[in-house]
Ligand SMILES: *Cc1c(COP(=O)(O)O)cnc(C)c1O
């Protein structure tokens, strides 16, 4: 008999992204308390990079009652959780027949989408989607009343059931912006048009995270929140808890003299004798190259600057006079409790928003999920 040798590679010594579902639970409870109506957990883009199923399950256990995603492909895996799922961004030839068969609700932003959904066998539950003033997704107001009347006829034929009307605000992150008043007014007008066409949509939803936190006039019967679940408040009004911590080991340390050029293009020169630490994370892992020369990390309880250009796979940290041991852990970002930079700090350093940082963490970073009540590992 030959011995069976363990062939699974050892993991755990490289970069790691820890997702804290306890934070998602706390944020969900806060948002559910603030929302006047139901709470839909938006878990598009893999739950804003935090794991769609994990975020969805946690949100449903702490106050959310519904799930929302963009594409139908994002919807299918969520069905096992048993909550209603809405998908709002699909090509006109998407598999609406499968959506109907599996009970996924779909948004209808145009006459062509309505025709496609109505043609699918069965009776699809739809949310008519109006553009509330950002010229992005949703039907143009000029076509809205026709869309409502046509949807009503399709409803009478048993082809669809109009269960909702939705809109989205373009400037909710800036609560005082007059664009929000316009969006609110247009949404109320859209609801009146739907009613006049004979529709009786049960779900009327306009607010996402920012408006849920700042403007009860937008709440209607439901809020769709995504960013807030994972600790991002685009309005900057509320302290939510970040759910990601990104760490990596120092893989090498070198002592250098003042005036040493660092990295591609010699974009940085040391100003004094110091230690440079190499961290195996780069822009392929989602750390924005635009943050080069501005971002910091936490090493041994102290903030240390990222120096030179962030490379594809690695970055260099100025560790100062004392250096660190090989293998010591660097915290790139986290909720901020221990003085580490936050996702907001990295976003500011890169001139972008937190959403782009959290959704960009690459596939080769090992993930650990810290449960809402217990610790478990995905690896
Ligand atoms: C992403 C998205 C949301 C969620 O917005 P957050 O600001 O992340 O809460 C809601 N509605 C639509 C249409 C979206 O695309």
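The backbone N, Cα and C atoms fix where each Cβ goes, glycine too.
Those TrEMBL annotations? Automatic predictions, nothing curated.
Quick look at what TrEMBL lists:
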- 44: active site, proton acceptor (ACT_SITE)
- 264: active site, proton acceptor (ACT_SITE)
- 136, 312: substrate binding site (BINDING)
- 243-370: domain 'Alanine racemase C-terminal' (DOMAIN)
- 44: N6-(pyridoxal phosphate)lysine (MOD_RES)
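A map of TrEMBL features onto the structure.
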residue	record	DSSP (3 states)
44	active site, proton acceptor	helix
136	substrate binding site	coil
264	active site, proton acceptor	helix
312	substrate binding site	coil
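In this structure the alpha carbons, written CA, of residue 312 (substrate binding site) and residue 44 (active site, proton acceptor) are 26 Å apart. Minimal Cβ crowding within 10 Å, among the recorded positions 44, 136, is found at 136. Cα of residue 264 (active site, proton acceptor) to Cα of residue 44 (active site, proton acceptor): a distance of 35 Å. Between the C-alpha atoms of residue 44 (active site, proton acceptor) and residue 136 (substrate binding site), the distance comes to 17 Å. Averaged across the domain 'Alanine racemase C-terminal' (243-370), pLDDT for the predicted model comes to 97. Each residue in the domain 'Alanine racemase C-terminal' (243-370) gets a DSSP state, and the totals come to 22 helix, 47 strand, 59 coil.
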